[in-house]
Amino acid sequence: MGRGRVQLKRIENKINRQVTFSKRKAGLLKKAHEISVLCDAEVALIVFSHKGKLFEYSSDSSMEKILERYERYSYVGRQQIAATESEFSQENWTLEYYRLKSRVELLQRNNSHYMGEDLDSLSVKELQNLEQQIDTALKHVRSRKNQLMHDSISALQRKERAIQEQNALLAKQIKEKEKSVAMAQQAEWEQQQQHGYNALSFLFPSAPHPSLNIGLASFDGHL
């Protein structure tokens, strides 16, 4: 079985980290020297440890010369990249302008055709396609109009039902109120009649019964 792939991550142990740094640094400097000798390449290597200590290697006698060369190439490269990007950007803007211009002209021409204008340049096939597009658009417009009208009618019907229910409730409340008032008036009238009868009885008391008077007279005669 082959060795598994080692996952690279920071070594937590300080001693092991320092030992690994020393070994890897030595190997890196060796590889830099080998590539400069074997391939006749100019190599500059700069390494800073975690404590800030500098380690460097240069195939030339002076690290500064290699860094100056790097700076020149880096500056020229940046200028070339900027010029290329500017030129590419200008070309893109030009292409985008003509693309948008053509798109606007096409939309304006189609709009004129939809309005029934500038039809002389169209062929029979183009006129048939235009007619089909207008028919399709008209169907969509009518469908949307019918949907809106249906929704509007449904909303009005719901509002009408709500008003009818509210009117029925108000009518019921009015009827119950009138019934309560009538009952109150009837009770008040009956009470007034009762008071009037009592007043008449007090003012005009009824005469004694005749049989009682006869009995009293006979009893007086015996005496």
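Heads up, the Cβ atoms here are built off N, Cα and C, so glycines get one too.
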Candidate ranges 77-126, 127-176; TrEMBL annotation coiled coil resolves to 127-176
How many of the residues that make up the domain 'MADS-box' (1-61) does DSSP mark as helix, as strand and as coil? 25 helix, 10 strand, 26 coil
Could you give me the DSSP helix, strand and coil counts for the domain 'K-box' (90-180)? 82 helix, 0 strand, 9 coil
